Ligand code: PHE
């Protein structure tokens, strides 16, 4: 793309907010939130997660929007434009690397969702007489070829949308599909709460086991989940902010995105956990949790097949709008850096990311003997990107806006101006967020 060519822009203000929401709401809210909450013991994790969203997440979200809109460039280009010749650009490269890693395993799980969607098209997963949904899920993810097919399909759809360009491809989808998913998740949560596990689920989610606050891993898991769920720390929101013209008021947008994303996660928890307890599934079943629990709910409901079909359709769509934002980070960078066309960048990078994801898929089956730090390949990729790269990227972004930018510029570019909230925001970016992230890191490696 020549420098003279106009950069793409969102078609409307609401288009930007919806796209940012589409990026945030995805498998992170339903699949990842529920299994990580289940593994981390429930309420204590949830409280720390909420604290991370408020004290670290929203301020960094604002930082990303402000950087992107000011610089009008991709993640790497944004740091180069605002602070030429400074090391901040490392945050940009880290972001591109995170996009590759996250989308590689995200595509695998999104592929599972697509597979379940098509199963409900034809009457639901066929579990046979003896087996249950756990066996079905296990059989599916361990098979060598099938999950790869669905992962490929997901990546092809994601590439197709990015190929079509930011506005046409990304904006439109979010307008229809997100409200649909929200309604369905609320409805299913209502139903799930009638299944007999409601009391246990509420205790699990909202009555903290105080001893869990002493476990450093719960803090790291909550921090990683906050970053992952808000699409934070890797420039997805810098990139989306860069397609924004000056009119939008950023603080309102940031708070709306974070609020919606968090509500989605909590309601998803109210959908999953009552059923987990009602059907005697173990909350710490790991990444398969929603794929085992939800089919139980659908099997129980009148018309459950239709709900199953709708649910996995909308979940897959939500995964696509998140996948698109991940791919867009890398595509925007390669387009500018190597003067590739959007189409070429989308196809090449999408292809590379598919191949990178293959080991994550096979790690559930033929490569299950391969573990990294005790984790299967998919979980290890997720851990590295979500719990380490994203918070590290977020740390650099906070420090950049807090210390690398003139305070008056930061206040102006964020639309805060010299107000109480603006000053609080800069204070958080300078001190609170970096210190909290560092403490969580140091604590996790056992320094305290
Ligand atoms: N936030 C997305 C989700 O919850 C995942 C994502 C992470 C998207 C990082 C972009 C960047 O599914």
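Easy rule for this one: first residue shown is 1, then count along the chain.
The backbone N, Cα and C atoms fix where each Cβ goes, glycine too.
Beyond the transmembrane segment (12-31), the same-chain residues lying 6 or more positions past its ends with a Cβ under 8 Å from any Cβ of the stretch are 65, 106, 109-110, 113, 166-167, 170-171, 173-175, 178, 181, 185, 225, 228-231, 236-237, 240, 243-244, 247-248, 253, 256-258, 260-261, 264-265, 268, 272, 287, 289-291, 315, 318-319, 321-325. The transmembrane segment annotation in TrEMBL covers 12-31 (among others).
Annotated transmembrane segment per TrEMBL: 43-67 (among others), in sequence order.
Residues or ranges marked as transmembrane segment by TrEMBL: 88-109 (among others).
Residues or ranges marked as transmembrane segment in TrEMBL: 148-166 (among others).
Using a Cβ-Cβ cut-off under 8 Å and counting only residues 6 or more beyond its ends in the same chain, the transmembrane segment (178-198) has close neighbours at 18, 21-22, 25, 30, 264, 267-268, 270-279, 297, 300-301, 307, 310-311, 314-315, 317-318, 321. Here TrEMBL flags 178-198 (among others) as transmembrane segment.
TrEMBL lists 218-240 (among others) with the feature transmembrane segment.
TrEMBL lists 252-281 (among others) with the feature transmembrane segment.
As annotated by TrEMBL, transmembrane segment applies to 301-334 (among others).
Residues or ranges marked as transmembrane segment by TrEMBL: 346-363 (among others). Tertiary proximity for the transmembrane segment (346-363) is limited to same-chain residues at least six positions away from its ends with a CB under 8 Å from its CB atoms, namely 100-101, 103-105, 107-108, 111, 141, 144, 147-148, 151-152, 155-156, 158-159, 162-163, 327, 330-331, 334, 340, 370, 376-378, 381.
When Cβ-Cβ distances below 8 Å are used as the criterion, the transmembrane segment (383-403) is approached by residues 56, 59-60, 63-64, 66-67, 79, 83, 88, 90-91, 94-95, 97-98, 101-102, 105, 220-221, 223-225, 227-228, 232-235, 238, 373, 375, 410, 426, 428-431, 433-434, 437-438, 440-441 of the same chain, each at least six residues removed from its ends. The feature transmembrane segment is assigned by TrEMBL to 383-403 (among others).
The transmembrane segment annotation in TrEMBL covers 424-445 (among others).
Sequence-distant contacts of the transmembrane segment (301-334) (same chain, six or more residues past either end, CB-CB distance under 8 Å): 19, 22-31, 74-77, 92, 95-96, 99-100, 102-103, 106-107, 109-110, 113-114, 116-117, 119-121, 123-124, 154-155, 157-159, 161-162, 166, 169-170, 173-174, 177-178, 180-181, 184, 188, 191, 231, 234-236, 239-240, 242, 294-295, 340, 342, 345-346, 348-350, 353. Below 8 angstroms of C-beta separation, residues 20, 36-37, 78-79, 82, 203-210, 212-213, 218-219, 221-223, 225-227, 230, 232-233, 235-238, 240-241, 244, 250-251, 253-255, 257-258, 262, 266, 269, 394, 397-398, 400-401, 410, 413-416, 425, 428-429, 432-433, 436-437 of the same chain, each at least six residues beyond the ends of the transmembrane segment (43-67), sit close to that stretch.
Below 8 angstroms of C-beta separation, residues 16-17, 20-21, 24-25, 28-30, 33-34, 37-38, 42, 46, 50, 53, 57-58, 61-62, 65, 134, 182, 185-186, 188-189, 192-193, 195-198, 200-201, 204-205, 229-230, 289-290, 292-294, 296-297 of the same chain, each at least six residues beyond the ends of the transmembrane segment (252-281), sit close to that stretch.
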